[in-house]
Number of protein chains: 2
Amino acid sequence: MEKLKKKIEAEGTCLGTDLIKVDAFLNHQIDPVLMEQIATTFYEQVKDLPITKIVTIESGGIAPAYALATKLRVPLLFMKKSEPNTMEDPLYTQVFSYTKQKAYTLCVERKYLSPHDKILFLDDFLANGEAFKGAERLILEAGGEIVGVAALIEKVFQAGHTYIVDKHYPLFSLAPIQQIENGKIQWADSLIF
Amino acid sequence: MEKLKKKIEAEGTCLGTDLIKVDAFLNHQIDPVLMEQIATTFYEQVKDLPITKIVTIESGGIAPAYALATKLRVPLLFMKKSEPNTMEDPLYTQVFSYTKQKAYTLCVERKYLSPHDKILFLDDFLANGEAFKGAERLILEAGGEIVGVAALIEKVFQAGHTYIVDKHYPLFSLAPIQQIENGKIQWADSLIF
């Protein structure tokens, strides 16, 4: 998606060879006009999948997942990064964040996932895939099926990409990064794998 | 807003006399059709205010704040409940959550708030007002101005309501609760204060 890539180039900040900050318009401050265009682009890519629910992880995934959920007219479920103390019947798992260099508990109320659910997982970033793998464990434990994985920004050179492709999940990413070198992003060619 | 009240009565769960769970449709799983109607209702109430930015707090406020931001065509800023380690020039403050009975650090990048900003603060719940007061401290420290406060669900009998009214902030709440008794909600009369 050219417009997202241009925005990242103009307003994102590369930190070293594997981190990129997009908090000016995606995951702290949000540009709602750009986000609507992101959701429209995803909608065109996934509208023929048999999606019954979108699952994301707080907080960066909520706005794009909500924007797409309004177009698909399916519920959105955001998994929480917290101890499941206040939940009735939680599913939970440990996830290691390479970005923050620490683990957190990912949790969800079991009743909001069912064996009938066909799920599109959507997040702002796909990097090492640890967050996705955590969500996948909880979805599969509930008997749900993952019918696609979507990311606004994907670091193709990290492990998440290969993990998802090897599992034959359809993968949709709008701004796939091949490499970051000297503060400059080299985009990967393909948008849909 | 009758539709929101009916949904709370049908699918919410009252816990004791002051807690209500709405994670089936508002702040864990989200019903996007209802959320769009919520945003449309807020839009009609606040569209004539000189709002330049919507501020909310992760995670429950993000979806409604985003939905309203798309209608007002202003940026959305969500404050984070975390240590500001990865921020460049953070503003932060301690907030005590009565619901969770513990304090957290509320933080925001200073550059996303400016003395020119006229801010609508929006959150899913207004209860004791501690979260709002924390956000208010950060907004005022940056020199911004609060032109309105919006909450989907308000517990009128707790301290946040009086605090906001006493400060003469326009207050917009869609489902104001007067009292919870024996698991039944008594709604307050007024919608806009």
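Here the Cβ of each residue, glycine as well, is placed from N, Cα and C on the backbone.
Keep in mind that what you see is a predicted model, and the values were worked out from it rather than measured.
According to TrEMBL, the protein has these features:
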- B:ASN27, B:LYS155: xanthine binding site (BINDING)
- B:47-168: domain 'Phosphoribosyltransferase' (DOMAIN)
- B:ALA127, B:ASN128, B:GLY129, B:GLU130, B:ALA131: 5-phospho-alpha-D-ribose 1-diphosphate binding site (BINDING)
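Projection of TrEMBL feature records onto the structure.
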| residue | record | contacts (Cβ under 8 Å, 6+ apart) |
| --- | --- | --- |
| B:ASN27 | xanthine binding site | B:SER59, B:GLY60, B:ASP124 |
| B:ALA127 | 5-phospho-alpha-D-ribose 1-diphosphate binding site | B:ASP18, B:TYR98, B:THR99, B:GLU154, B:LYS155, B:GLN158, B:GLY160 |
| B:ASN128 | 5-phospho-alpha-D-ribose 1-diphosphate binding site | B:TYR98, B:GLN158, B:ALA159, B:GLY160 |
| B:GLY129 | 5-phospho-alpha-D-ribose 1-diphosphate binding site | B:GLN158, B:ALA159, B:GLY160, B:HIS161, B:TYR163, B:ILE164 |
| B:GLU130 | 5-phospho-alpha-D-ribose 1-diphosphate binding site | B:VAL95, B:PHE96, B:SER97, B:TYR98, B:GLY160 |
| B:ALA131 | 5-phospho-alpha-D-ribose 1-diphosphate binding site | B:ILE57, B:VAL95, B:SER97, B:LEU106, B:ASP123 |
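When pLDDT values are averaged over the domain 'Phosphoribosyltransferase' (B:47-168), the model yields 96.
Residues of the domain 'Phosphoribosyltransferase' (B:47-168) grouped by DSSP class, helix first, strand second and coil last, total 34 helix, 47 strand, 41 coil. Those residues of the chain, other than B:ALA127, B:ASN128, B:GLY129, B:GLU130, B:ALA131, with a C-beta within 8 angstroms of the mean position of the 5-phospho-alpha-D-ribose 1-diphosphate site C-beta atoms are B:SER97, B:TYR98, B:LEU126, B:PHE132, B:LYS133, B:GLN158, B:ALA159, B:GLY160.
B:LYS155 (xanthine binding site) is surrounded by 26 other CB atoms, counting those within 10 A of its CB over all protein chains shown.
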